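K.L.:
Pulled the feature table from TrEMBL, pasting it below:
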type	residues	note
BINDING	21-28, 89-93, 143-146	GTP binding site
DOMAIN	12-280	domain 'Tr-type G'
Amino acid sequence: MTTPATALDSALTRRTFAIISHPDAGKTTLTEKLLLFGGAIHLAGEVRARGANRRARSDWMKIEQQRGISVTSSVMTFARGGTVYNLLDTPGHEDFSEDTYRTLTAVDSAVMVIDAARGIEAQTRKLFEVCRLRDVPILTFINKVDREGRDPFDLLDEIADMLALDVAPLNWPAGMGGEFKGLYDLRSHRFLPPDGTATGAAGEMVQTSGLDDPQIDNLCGPIASRLREQAELALGGYATLDGDLYRAGALTPVLFGSALKDFGVEALIDALAEFAPPPRPQPALPAAVKPTDSQVSGFVFKVQANMNPQHRDRIAFMRVASGRFRRGMKLRQVGTGKTIAINSPILFFAADREIADEAFPGDIIGIPNHGVLRVGDSLVEKDDITFTGIPNFAPEILRRVALKDPTKSKQLRTALTDMAEEGVTQLFKPAIGSQWIVGVVGQLQLEVLISRLEAEYRVAAGFEPSPFETARWVSGEPAELKRFIEEHRAAMAEDRDGSPVFMARDAWELNYVSQRETAIRFSATRERA
Ligand code: G4P
């Protein structure tokens with residue numbers, strides 16, 4: 001990769017995005033194909049194979065296999081035609097919405113994958129809402145057109161109605177399933193037929209002069225007239241692509257395709273290069289950080305422990321928000337003031353982890369560290385900036401951790417602290433009593449926690465019910481807060497940063513206390529200051 005002269009030039013070539021979808025829509029297959037077309041891997045199937053190897057090494061990942069979900073998040077970088085793509089993988093299960101939410105804070109756009117037979121499903125919709133909250137623009141890929149699917153107009157109307165978005169189809173399928181004859185590009189008039197072999201993979205692109213071109217009859221046979229009719233209706237009936245509306249989150253360009261058979265995948269990569277936004281300004285205090293700002297700054301959106309079980313390493317994933325990062329640079333952790341020399345940052349090229357020499361706005365670098373860096377941290381070269389909008393969510397399930405072997409309490413503490421830093425769990429130390437309380441947003445997180453305690457830390461533990469069901473961070477004037485904490489000592493705890501947390505037996509109690517205590521703020525989310 002050549003290095004353009006300025007950080008701005010380089011930033012403009014970045015497309016940092018995530019794929020959002022419901023499980024089984026084809027995210028893994030599409031990821032593989034994007035990497036394949038991007039030249040990052042040589043054989044489709046390596047993403048899956050690599051995943052399988054990793055799984056074999058670690059017991060807790062069996063849960064992923066059993067449930068067919070992905071609980072780990074990773075970053076894959078590939079380059080094509082002068083554009084550098086950073087693909088951030090989001091875990092697909094609803095229990096992990098918190099992790100997913102944070103990953104989506106680090107992207108500039110998203111690709112929404114929909115199964116042509118199923119349309120918009122629950123998880124797609126939830127993830128879409130998160131994107132909308134942050135004005136993340138969305139490109140839609142309607143996958144599996146090589147199989148019987150729903151009527152294309154139906155699918156487009158569903159997206160428009162359910163998500164309240166304008167849709168702009170960029171291509172049109174000539175039939176689906178057994179009838180499928182290829183894809184017609186509504187803008188360039190190029191037609192992509194199957195290659196004629198039994199596998200039905202994509203063949204060579206054919207340039208036509210338009211829908212009236214007689215080549216269409218040869219390519220589509222009996223369904224040529226249907227393609228003409230539908231494509232004309234689509235061109236007349238739906239919005240035309242408006243890059244500004246898309247980047248504002250009001251319109252989604254739509255591509256039909258088949259990740260499995262390579263239809264529409266190159267068109268998707270090209271669409272990302274052509275319309276998807278380069279790195280956007282990032283919300284921060286005292287002011288938003290522009291990618292053009294000269295000082296290097298970034299924020300940690302994810303921490304992952306034990307990526308390599310042999311080394312107990314911990315990788316903090318930092319999105320570069322501004323400046324030109326160079327290896328060996330020292331960055332300051334805002335808040336603690338600690339300076340960290342980043343000597344072996346990692347760029348996540350899909351083939352392997354690579355040591356990065358430089359990184360630009362939009363890039364993600366992995367920073368190996370021993371637990372200093374936390375989710376939500378801001379890192380700066382000179383001037384203090386605090387990135388905002390990377391929250392912790394109040395847990396919906398609270399449990400006491402019960403050790404099976406009491407001599408392992410030190411290991412338990414290390415393990416819980418590690419996993420709290422990763423964001424797998426929240427950890428609360430009650431003001432009274434010595435048993436840790438863990439808080440999670442979903443039940444599956446508890447299972448992951450127990451499996452990982454055993455697999456990675458050799459700690460056998462279980463959960464006991466806690467007297468509390470819900471928790472809120474509390475804040476207020478120092479004197480008021482002190483009084484509140486004293487009056488509610490039995491229900492108070494501290495989170496891992498020492499911030500006070502009020503735990504309630506149920507929603508009713510929380511409501512009752514919060515209505516009486518007008519001087520105290522009860523927060524369901526907390527951003528690290
Ligand atoms: P996910 O990550 O979103 O959960 O989906 P994944 O890519 O694993 O795809 C789910 C299933 O859908 C897989 O089949 C995959 O091969 C299939 N699939 C993905 N894209 C297409 C497509 O364009 N056309 C067709 N026909 N199928 C597609 P599976 O049987 O569950 O797994 P496998 O045995 O193929 O690995």
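Using N, Cα and C of the backbone, Cβ positions are placed for all residues, glycine too.
A quick note: this is a predicted structure, and the numbers were derived from the prediction, not measured.
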K.L.:
Around Lys27 (GTP binding site), how many other C-beta atoms are within 10 angstroms of its C-beta?
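P.N.:
I count 23 other Cβ atoms within 10 Å of it.
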K.L.:
Go through the binding-site residues Asp24, Thr90, Val145 and pull out the ones with a Cβ less than 6 angstroms from some atom of ligand 1.
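P.N.:
Only Asp24 qualify.
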K.L.:
Using a 10 Å radius around its CB, how many other CB atoms surround Ser21 (GTP binding site)?
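P.N.:
Total other Cβ atoms inside 10 Å, all chains included: 24.
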K.L.:
Within 10 Å of the Cβ of Thr90 (GTP binding site), how many other Cβ atoms are there?
P.N.:
23
K.L.:
Considering the binding-site residues Asp24, Val145, which residue's Cβ sits among the greatest number of other Cβ atoms within 10 Å?
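P.N.:
When each Cβ's neighbours within 10 Å are tallied, Val145 leads.
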K.L.:
Can you tell me the mean pLDDT for the domain 'Tr-type G' (12-280)?
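P.N.:
It averages 85.
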K.L.:
Check the DSSP secondary structure of Thr90 (GTP binding site), expressed as helix, strand or coil.
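P.N.:
The residue in question, Thr90 (GTP binding site), is coil (DSSP, three-state).
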